[in-house]
Amino acid sequence: MGERAVSGSVAAISPVQQMLASGTGALLTSIFVTPLDVVKIRLQAQQTPFHQALARQSSSWGGIIRTSKWKCFMYCNGLMDHVYVCQTGTSCTSWYKTPTHFSGTLDAFVKITRHEGFRSLWSGLPPTLVMAVPATVIYFTCYDQLRDFLRYSLGFQGSHIPLVAGGLARLGAVTVISPLELVRTKMQSRQLSYSELRVCIRSAVAQGGLLSLWKGWGPTVLRDVPFSALYWFNYELMKARLCEQSRMNQANFSISFTAGAVSGAIAAILTLPFDVVKTRRQIQLGEIDALGVASKRTTSTWHIMKSIWAEMGYRGLFAGFMPRVIKVAPACAVMISSYEFGKTFFQKMNLDRERLGS
């Protein structure tokens with residue numbers, strides 16, 4: 001069941017074509033957003049160096065997460081989070097070692113390219129291509145298939161269809177990709193060979209059971225599923241209204257881009273408390289997996305939220321408000337507009353084939 005036509009002049013597209021469109025969108029998003037976030041985290045680190053960080057668990061601007069027990073930082077290139085653990089004071093990762101002073105964003109781009117190489121702007125891209133791109137392909141394709149199934153096969157109507165389809169699609173993608181998160185964390189932190197990694201995973205399964213491969217699944221679901229449900233609900237609603245105002249049967253690139261950016265910003269704001277909790281859990285897992293610290297008692301999401309509220313009030317639950325919106329909105333805009341453009345391309349291609357065949 002491919003993409004359903006919005007009018008009689010638009011041909012359907014196959015699931016394979018949906019996968020190609022979403023894969024291309026994910027690739028473009030990661031390539032475009034990664035340099036922006038690498039520069040941002042370097043500028044933030046310059047203001048408060050990691051080795052001079054105070055003993056607190058999150059900063060007000062949400063860029064660097066740190067505690068007195070370990071030093072680490074985190075960034076997200078629009079598709080996935082990256083957690084780096086600093087095991088020795090000033091030496092955290094290969095691309096952080098150069099103590100270059102930046103006077104601004106443009107200066108950072110120039111100096112990083114000149115002194116550290118052009119590839120440093122895309123630090124963290126390989127694991128994104130291996131993990132996040134396939135996860136995004138699963139997510140977007142499942143969303144379209146579920147939405148069409150609910151609308152056309154089961155006959156459900158209403159604006160709640162994107163909300164349900166978006167939540168279910170994200171749930172499936174998170175469940176499939178979660179075991180690979182453990183693999184990525186261990187390979188990033190300890191530079192393990194594949195044989196050592198196999199032994200490490202077997203040991204983890206032997207100690208914690210098969211479900212240990214889905215460690216951190218709960219907080220991820222609590223953040224990503226509501227985000228996806230809200231995102232698709234607002235996106236489809238806004239896209240339909242913009243198309244109606246423009247008197248268009250199908251959204252063009254600018255409509256998809258605008259609807260994606262606004263919907264992403266709204267979803268990011270409403271789910272920010274879950275993102276704060278997820279970040280804390282990721283840092284805890286980073287300590288356990290990367291530094292070899294003994295596993296602590298698992299803390300529930302609700303307990304972490306109450307702890308944050310007791311320490312910092314509602315501001316703690318909404319820490320990093322502006323950086324998250326600035327980061328998520330363009331990533332969502334680039335991803336959805338690229339995806340919609342790809343689907344339109346395949347629709348036109350299929351329509352031309354039908355005309356030639358008739």
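Backbone N, Cα and C define each Cβ position, glycine as well.
For 13-149, 157-241, 251-345, the entry in TrEMBL reads repeat 'Solcar'. The transmembrane segment annotation in TrEMBL covers 121-141, 161-183, 251-274.
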Original post:
Looking only at residues six or more beyond either end of the transmembrane segment (161-183), which have a C-beta under 8 A from one in the stretch?
Top reply: 130-131, 134-136, 138-140, 142-143, 146-147, 150-151, 197, 201, 204, 212-217, 220-221, 224-233, 235-237, 289
Subject >> Whole-number mean of pLDDT values that fall within the repeat 'Solcar' (13-149) >> reply: 70
